[in-house]
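Scroll down for the structure; my scribbles are underneath it.
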């Protein structure tokens with residue numbers, strides 16, 4: 001199926017999270033099946049490929065394929081994955097061809113046995129690392145940065161895997177939340193800035209790691225705490241061992257997790273995502289107190305902020321756009337003549353709610369602006385008198401190098417156009433972004449200087465590759 | 001794949017619509033592809049199988065398979081379906097094994113050439129019809145009532161298909177919205193009571209038929225009007241010909257289309273579904289003016305009514321439950337020990353929104369009550385102080401014989417339990433249903449006596465099979 | 001997969017058997033699995049689709065698909081087919097699109113329950129039957145003649161299936177060996193001329209029917225006897241009941257079964273196929289006592305006759321052409337520039353055996369002559385001094401209407417060209433066919449007037465459709 | 001599908017060739033498609049997985065999967081593989097799980113770009129190499145020895161691939177015929193003993209490499225010569241460059257290629273395989289001049305020797321056993337009660353040829369003896385008076401460490417049983433093996449000391465791993 005792409009996802013004018021990771025150490029439980037459900041809860045973080053690796057003390061068996069977790073994994077596959085430790089991964093490719101070779105977990109034989117790794121994030125010094133490793137004779141199956149991490153670990157260690165991990169962490173730069181396993185042991189690692197989330201849970205005497213706490217809830221596990229920036233957590237028959245081998249560094253948790261990526265029912269570094277989004281809507285109401293007849297969200301990403309905006313402003317909230325819930329992975333592209341149907345296949349305006357009204361439409365972000373324009377046009381055709389667009393985050397002016405696919409910088413409409421130009425491009429009667437100040441205020445209790453908002457500000461907490469900055 | 005069932009769908013404690021139908025006559029357009037998108041918009045009416053038949057003037061080619069429209073149909077399949085007339089069908093089986101043999105459209109050779117049919121609804125006199133046809137030597141590939149209709153048409157006609165259709169309509173009883181085609185002509189037929197919806201549209205000089213108007217919107221077609229109860233619409237190179245061959249009968253449009261099945265952006269017999277649901281919420285607010293800290297819906301079916309209830313009551317509305325959007329068709333069943341995860345795999349409470357609050361939870365209906373009970377338990381575990389459940393329709397006390405799968409009558413909790421027993425069973429602090437009067441009031445402008453509310457009242461507008469009534 | 005064709009099979013310049021049938025009544029045995037192995041032994045009679053239907057006393061379950069028996073049927077499918085009676089079918093389509101809809105067994109509900117049928121042969125009056133049935137209102141899923149038989153049976157009977165079968169046999173003309181089953185009973189039927197083979201066997205107290213005795217051998221069953229021309233065999237808990245309801249008619253067993261189709265290890269109506277082929281080679285040696293350095297067969301079909309020819313002539317026999325054994329169903333077509341590779345992909349000459357020699361090459365038949373020409377060219381290029389072609393049957397001058405696909409009459413090279421023209425076309429130094437007299441002599445002990453040799457003689461034992469004769 | 005095994009192949013009591021390799025450098029030709037046909041001709045060397053890698057000057061694209069070449073590769077896959085250089089591989093796993101991860105070609109990124117490799121043979125010092133590479137930090141995706149070769153090449157080179165190859169050849173021991181490519185260059189390498197075959201051909205200005213010359217014939221290419229033991233052949237826009245960097249070593253071509261593996265139409269190191277097999281039959285006739293009524297082969301492997309034996313002895317040759325040609329990859333295992341059908345599913349005796357006769361049955365080898373025993377029993381049941389078994393090679397007494405799967409040594413019946421015991425085990429009236437002298441005589445013109453006959457003699461030309469010798 002390589003080469004088939006989901007038209008609607010490609011067309012979706014949103015940044016894309018690259019990955020979700022999950023890990024479990026729980027002798028006696030069906031770790032593969034629990035990983036399946038955990039990944040299913042993290043499916044929003046990547047819909048392109050899914051994989052599960054299981055260790056039974058002697059060997060690691062890994063199965064991965066294209067599509068949703070529930071599309072690739074069958075009862076037959078799952079029932080053959082037995083063991084006491086497992087990791088899993090869902091992925092949206094940020095670069096390169098979309099093939100099963102690039103799916104994770106990546107599983108290798110090394111000096112001490114077997115190792116399997118799942119990575120959420122993006123390294124910033126991979127060109128340099130790759131050059132160096134290749135010069136000493138390393139070969140790679142993929143062009144992915146994740147494979148470099150395994151090579152570094154295998155190379156660094158003089159027998160002890162933990163030592164290898166620590167040495168590798170000295171070398172790699174950028175964003176990484178990792179779950180890693182040997183045949184019998186589970187590791188969780190979060191980069192020193194804590195850019196991507198990773199949390200720790202407990203279930204029936206076993207332990208779990210997950211990108212988001214919603215995965216713990218889904219399988220009935222108990223949330224313990226977030227893995228700390230720079231922390232290595234090792235889990236085996238002796239329980240949890242924590243190491244913090246490195247100098248503390250400036251925290252820089254990705255603020256876009258709260259704006260768009262993470263599930264509203266997750267809690268990341270102490271902040272519930274829905275709580276944050278409700279605060280974004282309230283900040284927006286304070287900054288842009290518009291008058292209108294109806295507040296509507298662009299579903300689903302704008303819904304939470306729209307609810308609090310409407311409530312704060314005392315305006316009615318309505319579902320002005322209905323979203324089709326049944327998009328499959330290989331949705332057929334419309335032919336040229338039907339191309340303008342694009343957005344309509346996914347969103348349909350409810351004429352009865354919109355006609356004759358001054359509409360305030362709220363979305364979480366604008367990337368290229370093309371989708372926003374089509375939606376506004378649909379709303380006008382459905383009879384709306386005015387359409388004002390509010391965005392519950394600042395303008396995206398800079399690309400992300402830490403694991404988010406924000407499109408090429410050249411495609412970011414706000415990178416090269418002023419507010420008035422964007423408003424005209426999308427055809428709104430007015431357009432307002434939340435300020436950076438408002439954004440950060442909504443993130444309380446997380447201090448502003450512990451967040452990465454580089455895509456809005458250009459303040460990159462970790463050096464980005466020269467050629468790309 | 002026959003025999004694999006989607007655990008979550010099975011577990012979903014909701015009535016199930018059996019089918020959605022679509023038809024198009026449009027020489028010059030890519031009718032197969034437009035049918036694909038039309039079915040995609042009707043996917044909520046049936047997720048088990050999908051099929052498209054295309055006529056090119058000489059022959060009908062039909063392709064159908066298990067799964068979502070976007071799962072079964074590939075570019076390769078679609079590109080081989082060319083012609084000027086097409087019909088399509090999505091199906092959820094109400095009875096019997098779930099196999100591709102039972103998928104529609106049903107396509108046959110008969111005396112005059114080829115005929116293909118897609119059916120939404122359920123006949124009530126099929127045992128009698130089947131016996132009669134079999135006695136005269138007919139053989140059947142399926143046990144479905146839809147196949148009987150084709151046999152009756154083929155048998156009745158003395159050459160003229162229209163005559164065959166009219167004669168068949170004299171014989172069949174029950175609910176049926178049909179799209180039917182020959183190699184070059186399209187027909188739309190709605191039963192004399194108009195129990196299931198069917199509407200007519202226009203696109204670039206061609207004509208369309210669809211179960212719901214949202215399918216017309218999705219492909220950019222214009223809504224013309226609903227097909228009338230008892231009407232036969234014939235579409236070919238001479239445009240639309242309408243026949244009303246039978247005595248007018250009492251209208252009896254299924255009220256559950258508005259309560260739960262149809263998409264909020266559809267308009268059926270003049271009433272927009274979202275408008276109806278908002279009215280249901282307002283009626284509920286009038287009948288049950290509860291006090292509470294937060295109104296939450298059971299997503300997605302309770303959302304619209306919950307919004308208007310909260311607004312009417314002046315109470316805050318919130319998303320207290322997050323729904324996983326990524327359920328595939330062959331989702332793996334949890335093993336016994338994980339069985340109580342059931343609902344949690346699909347819905348996760350947002351602790352931060354619920355803790356310490358008196359929750360008013362609104363759903364559109366209760367069938368068996370098992371899911372409601374699990375949801376309420378989750379909400380309590382998330383810290384809610386009280387949970388009051390409101391239902392935006394009356395108690396479902398009777399089975400449906402007109403194309404809806406409401407579970408066996410024995411499973412309908414309200415068929416054998418009083419309000420207090422149900423409340424106790426689901427563990428709510430209080431439980432309130434909308435009255436039948438409130439339901440019907442919300443359906444204005446459709447007069448109460450033009451609706452079928454048999455599942456709430458037992459007033460069956462068409463005789464049901466003796467053994468089952 | 002429809003539309004994909006096996007290049008090599010299409011290119012194979014041979015008549016094609018349409019079908020093989022198998023049936024078993026054996027409570028207590030795994031009838032589905034035994035049918036699987038039985039069909040596997042009959043695979044040479046049809047490689048396009050395969051199907052198995054199983055009756056468990058109450059219901060018939062049928063599974064069929066494209067490809068070889070071992071390609072379509074999996075352990076999962078087989079393990080779900082349980083019962084005490086089963087029939088199976090392998091098919092090569094002689095006409096129409098190659099799709100799963102046309103695969104057999106055909107399974108229907110009729111007045112008395114369910115019925116399933118597998119057919120080897122071809123009716124000659126199907127246009128007339130179809131017209132008549134359609135006029136009385138019958139509808140058909142396929143354009144296949146086999147479906148007509150079921151309709152006739154269902155229509156004829158007034159409750160008793162056997163009566164229906166007898167009445168249907170009065171109406172149908174042409175070649176048919178049928179296995180038919182209800183939920184609990186098995187029937188075997190052979191047309192009054194006995195054109196296609198069908199035999200009866202025994203296994204562990206159960207009974208079997210098969211197109212060829214090799215299927216009985218393969219599953220370890222005992223051969224009882226051939227089903228007689230015009231006989232109906234009914235098998236149930238009372239054992240075997242035989243009926244011969246019709247006037248005896250002239251026997252006309254297809255002689256091509258011995259020349260090419262059937263497996264050498266089968267015995268048909270008392271004659272072992274290998275024995276017959278060895279006799280063909282000996283007759284050929286008597287009629288055409290050529291001199292040469294090496295006798296080679298076109299493998300595999302020419303091998304047996306070549307062995308006896310060489311032995312009879314006292315000449316060395318050798319494998320001058322090696323056949324690739326690994327042709328899959330969807331073998332990729334060579335592109336235009338590689339088109340002349342065609343035959344070479346399947347057959348490769350062994351230079352060391354051929355160089356400098358006068359080659360006598362033996363094949364069982366020539367249909368279009370294109371393949372023979374390419375093979376002779378290859379042999380010359382491999383260094384052969386002379387190439388003489390001998391054919392162990394007469395020239396194919398007439399099409400078959402009884403279930404064999406001999407290509408269109410216009411394509412039969414011997415229908416419009418004399419011996420010398422064919423010799424020149426294929427590029428042989430000399431060309432000799434076996435005489436009709438020699439053919440029939442080799443078939444002893446079957447009397448010449450009990451064989452159908454219409455494809456060689458034009459003497460059709462059953463009237464063929466006017467438009468085609 | 002991992003885990004499904006072909007029952008018949010597993011049961012086949014024969015040594016198994018591990019692999020076949022193919023390579024082509026031919027700008028302007030459709031190299032992927034030619035590789036497809038080349039692999040198809042080599043399919044007998046491995047039926048478990050197939051793969052093709054194509055280089056277009058900038059990048060290598062590789063596709064591989066389980067099953068036959070014609071099962072995995074579709075028109076869609078092939079049409080996406082374009083370039084000017086390609087390699088391919090068919091494989092039968094000699095160890096480990098049968099999964100797609102172990103399929104070849106193996107493709108890697110390394111310091112200079114990309115590299116892809118296909119390997120036929122087996123290294124004998126891989127444990128040592130693996131340990132050494134792992135200690136310096138290498139990680140491996142597989143447990144296959146082939147992956148070590150790539151690591152060694154990548155590690156050895158200081159920029160020049162050729163240098164890397166030469167250094168790697170210094171380190172590896174055992175049998176290897178390799179085709180290797182970069183994005184734009186093709187390499188062929190044969191181990192210093194020339195244990196496995198590899199030949200060179202020409203087509204339309206391009207060059208080819210193949211395990212056997214039959215692959216060249218199949219695509220219409222011209223045979224140039226064999227690659228020499230220890231030779232490296234480099235092919236690019238400058239044509240062919242040959243290097244022989246190492247000291248000449250004793251030649252040791254696998255004699256089993258002639259006895260069983262290779263196709264009869266191939267020529268290896270100057271000897272045609274069919275010629276060799278005919279000579280084996282003649283030697284057998286000289287050594288064991290039995291009397292009997294009929295000489296029959298165990299098809300297909302015994303056929304050629306049986307023909308020359310019969311001819312030399314002046315005895316009639318016949319096809320006493322018919323082989324089913326339609327074994328698919330996932331053939332369903334017989335259930336326990338049908339287990340003794342095993343051999344019968346594949347071979348069926350022709351009673352008419354065998355009854356009452358003294359049979360001389362010839363096979364190329366006996367490994368475990370179980371199949372031979374079942375065949376002899378079948379022949380007796382078919383009425384044979386006597387069954388004498390002749391084997392056209394010596395008794396297999398030693399395992400192979402050079403790429404052939406001869407079963408565990410413990411399973412080799414001749415490793416632990418004398419002739420009389422084996423005869424009794426298989427139930428033959430007499431049993432005779434060809435002598436080692438006869439074997440080597442038949443291999444003329446290849447001198448005895450240039451052949452490896454370790455499986456017959458235990459004379460291993462390359463040291464084998466201590467633990468296994």
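Backbone N, Cα and C atoms are what each Cβ position is placed from, and that goes for glycine too.
Here's what TrEMBL has on this protein:
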- C:19-238: domain 'Glutamine amidotransferase type-2' (DOMAIN)
- C:19: active site, nucleophile (ACT_SITE)
- C:254, C:400, C:452, C:455: [4Fe-4S] cluster binding site (BINDING)
- C:301, C:363, C:364: Mg(2+) binding site (BINDING)
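Sequence features, as recorded in TrEMBL, placed on the structure.
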{"residue": "C:19", "record": "active site, nucleophile", "DSSP (3 states)": "strand"}
{"residue": "C:254", "record": "[4Fe-4S] cluster binding site", "DSSP (3 states)": "strand"}
{"residue": "C:301", "record": "Mg(2+) binding site", "DSSP (3 states)": "coil"}
{"residue": "C:363", "record": "Mg(2+) binding site", "DSSP (3 states)": "strand"}
{"residue": "C:400", "record": "[4Fe-4S] cluster binding site", "DSSP (3 states)": "coil"}
{"residue": "C:452", "record": "[4Fe-4S] cluster binding site", "DSSP (3 states)": "strand"}
For residue C:301 (Mg(2+) binding site), the number of other Cβ atoms found within 10 Å of its own Cβ: 20
Proximal but sequence-remote residues of the same chain as residue C:364 (Mg(2+) binding site) (Cβ under 8 Å, at least 6 apart): C:259, C:260, C:277, C:280, C:298, C:301, C:302, C:305, C:391, C:392, C:393
Around the Cβ of residue C:19 (active site, nucleophile), the count of other Cβ atoms that are within 10 Å: 26
When distances run from the Cα of the residue listed as 'active site, nucleophile' to each of the binding-site residues C:254, C:363, C:452, C:455, the nearest one: C:254
Pairwise Cα distance for residue C:363 (Mg(2+) binding site)/residue C:455 ([4Fe-4S] cluster binding site) [Å, integer]: 17
Listed in sequence order, residues not in C:254, C:400, C:452, C:455 with Cβ within 8 Å of the centre of the [4Fe-4S] cluster site Cβ atoms: C:195, C:255, C:256, C:402, C:404, C:453, C:454
